[in-house]
Amino acid sequence: MKGMIMLISCLMLIDVVVESKNGYIIEPKGCKYSCFWGSSTWCNRECKFKKGSSGYCAWPACWCYGLPDNVKIFDYYNNKCGK
């Protein structure tokens, strides 16, 4: 029983440590990184530069997977692009 509790505790800790987010990466002014069909290689490179696991061009902007919590992503409700 103690072993089972320890296993569950470890799994919960791993989930907290490896938690990541997905979303559109943004430029310093708050706008999404623009892309065109066929530029998924560029988006993937940009996402990995920001410590994400991968990314692709979800036209018209780069979508990233596995971003760390400190990386800002586009938020529709707090959009600062062009303001």
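Cβ coordinates come from backbone N, Cα and C, glycine included.
When you check Swiss-Prot, the disulphide partner of Cys57 from the set Cys31, Cys35, Cys81 turns out to be Cys35.
For Cys81, the disulfide partner named by Swiss-Prot among Cys10, Cys31 is Cys31.
Disulfide annotation in Swiss-Prot: Cys47 is bonded to Cys64, selected among Cys62, Cys64. Reviewing Cys10, Cys43, the cysteine that Swiss-Prot connects to Cys62 via a disulfide bond turns out to be Cys43. The DSSP breakdown of the domain 'LCN-type CS-alpha/beta' (21-82), given as helix, strand and coil counts, is 13 helix, 21 strand, 28 coil. With the fewest other C-beta atoms within 10 Å around its C-beta, Cys31 stands out among the disulfide-bonded residues Cys31, Cys47, Cys57. If you draw a 10 Å sphere around the CB of Cys62 (disulfide bond), it holds 28 other CB atoms from the protein chains shown. Taking Cys35 (disulfide bond) as the reference point, none of the disulfide-bonded residues Cys47, Cys64, Cys81 has a C-alpha atom within 10 Å of its C-alpha.
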